[in-house]
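Participant: Just passing along the structure, written as structure tokens.
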Amino acid sequence: MDGNRDGGILIVCAANVCRSPMAGLTLRRAFARLPDYDAVPVATAGVSVDGARTVCPEVAAFHTGERWRELADLHRSRPLYPEETLQATLVLTASRGIRSSVVAAAPERRRRVFTLQEAVWLGSGFVVEPGTPGMDALAAFQRYIDDHRGLRQLPKRPRGLLPSRQSRDPLDISDGHVLGAGAHRRTVRAVDEAARELASLLTGARPLE
């Protein structure tokens, strides 16, 4: 998940050690079982990266499969470069604040940039035709969620779902690293759930367990 070829999905968080690699690993795990999607590029980066750091232990141990562990072990945090935003078909961020940073660096691509939760919310109702190549489905999905931006009422986050210090913005997944072990685990689970739902919307397949 280091670097991004033309097209594909780019996922961005802050330090690129937890939320974005978790989402990237989950999407790659879902795409790997589908011939039309296994070649869709998935890359991750961070807007405030401090050196080439390994993925956090919570993410590394989330699944026991050999391929998951292999990809998690290979991960090193890396900064976001503006040209990556220009190349990606769809850019997903962990929060609205990070979305704003990405758009500020590449304003001409603002229509391709969403938070992860936002993409899932806007993608409700998207239908992909069976046999559609993965990159074509991705482009169609990006257009669909962009067309629906601003037309749907914001989803409500259930009360009591998160500690008071975490963001209650329904389009954000907060950085649980700074809020303790329990919040960190909830963050990782929230990313996994959102990424699995996104993969299901994109592919038309049932979410992986």
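For all residues, glycine too, the Cβ spot is worked out from N, Cα and C.
Per TrEMBL, the features are:
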- 166-175: compositional bias 'Basic and acidic residues' (COMPBIAS)
- 9-138: domain 'Phosphotyrosine protein phosphatase I' (DOMAIN)
- 155-176: region 'Disordered' (REGION)
Participant: On the 0 to 100 pLDDT scale, where does the domain 'Phosphotyrosine protein phosphatase I' (9-138) sit on average?
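Facilitator: Here the predicted model's pLDDT, averaged over the domain 'Phosphotyrosine protein phosphatase I' (9-138), is 96.
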Participant: What does the DSSP secondary structure composition of the domain 'Phosphotyrosine protein phosphatase I' (9-138) look like, as residue counts for helix, strand and coil?
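Facilitator: The counts are 60 helix, 18 strand, 52 coil.
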Participant: Tell me the residue counts in helix, strand and coil for the compositional bias 'Basic and acidic residues' (166-175), as DSSP assigns them.
Facilitator: 0 helix, 0 strand, 10 coil
